[in-house]
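Engineer: Here it is: the structure, laid out below.
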Amino acid sequence: MDRPSLSRKIYTRRASFALAFVFLILGGLTAAFSVYELREAALLASEGVDTTGVVIDRSTSVTRRSNGSTSRNYTLVIRFTGPDGTPVEVNRSVSAGLYESNRTGSTLPVRYARSHPTTIELVPGQTGRTGKIVGFIAIGFAIAVLISLLVLLRGAGAQRRAAQEGERRMATVTDHKRIGKAKSNRWTFGWEAGTTRGRSGPVTTEALPDIGAPVAVYVDPRSGRGWWEGDY
């Protein structure tokens, strides 16, 4: 009996592969932001200068999300005197409370880094707290990546074992299911081989077998799960 040749499809077609990739990207972005915030916090702690700034402008903007909901962003433009006596202007996103409590012309305490005056902090310790919180979120994404990889390896291992050691059975196509939009050219089909049932990976309309047609599947001897030969 000819065994199906194994390809990377047994990994890349799994939802756990996509999840691991997404979590990896999100984890990398949050980790980078956490490092950036913690470095700024360390800079402010080592060479911070406390002064008073003046609000010279303030504005709000609305961001519309893909799901239709909106969020409002608050920005203050703050001017203060830098270490060499020259004025420094910084645009800063702030909370709604801080925005509402400061009008144009209001003064507020500012801490800036002597070597980089545009690195500022309006609430003592806020930069470090933000860095730590985002760091914990990055750790959460890292854990999610590991869990996704474990699920991926377990599922792909069972599929590999089915191809290499499992029984080849003839199954019957039971149904078709379109993937995505109504005019999509991608489908999956259900199959049944005795008491063993399964569903194929995505196939095009041209490669879709008719309902009732026989297809070959391979069954994992440990888990009892089966895979269509075209999924390899």
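Glycine is no exception: its Cβ is also placed from the backbone N, Cα and C atoms.
Keep in mind that TrEMBL annotations are predicted by a computer and have not been checked by a curator.
Per TrEMBL, domain 'DUF3592' is recorded for 51-125. Summarising the annotation, TrEMBL assigns transmembrane segment to 133-153.
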Engineer: With DSSP, how much of the domain 'DUF3592' (51-125) is helix, how much strand and how much coil, in residues?
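Structural biologist: Counts, helix then strand then coil: 5 helix, 47 strand, 23 coil.
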Engineer: Across the whole of the domain 'DUF3592' (51-125), what does the mean pLDDT come to? Round it, please.
Structural biologist: 93
